[in-house]
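Student: Dropping a structure here in structure tokens format, bear with me for questions.
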């Protein structure tokens, strides 16, 4: 058997640590959901402010069928963007949320489809003036799947 030099052992150790850091970071992003934002100690207040004055269905808090969070940059602010839909009926109700950990700001878009008319109703949640155009573009892209299909296409300076 060959010997492993101390340099080789160091490389293996660094590689192992790097793999764990990457896996932990990816797992943390994958674990970020709209329902976890609604219930989280540091995010609950921002979520409640976002939905204030709106009655959302229970599945939003309990957890729907969701997509993993994606990172989007608007200006100099970085956001985690995620979406979810009503379990077993994704076509009828969907929600997309943008959250900035830096400013602890949250904004969203809720969509319902009228079964009789097939018309979609969009409800904007806590969209401030700074986010009005680009933020709405990103939220709608998350809602429709465009953000997931083109993740680098929605970063705006």
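Just so you know, glycine gets a Cβ as well, placed from its N, Cα and C.
Take a look at what Swiss-Prot says about it:
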- 1-28: signal peptide (SIGNAL)
- 85-90: disulfide bond (DISULFID)
- 88: site 'Important for lysozyme inhibition' (SITE)
Student: By a simple count, how many Cβ atoms lie within 10 Å of the Cβ of residue 88 (site 'Important for lysozyme inhibition'), its own Cβ left out?
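Tutor: Other Cβ atoms within 10 Å of residue 88 (site 'Important for lysozyme inhibition'): 9.
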Student: Taking the Cβ of residue 90 (disulfide bond) as centre, how many other Cβ atoms lie within 10 Å?
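Tutor: Here the count is 13.
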Student: What does DSSP call residue 88 (site 'Important for lysozyme inhibition') in the simple three-state scheme?
Tutor: coil
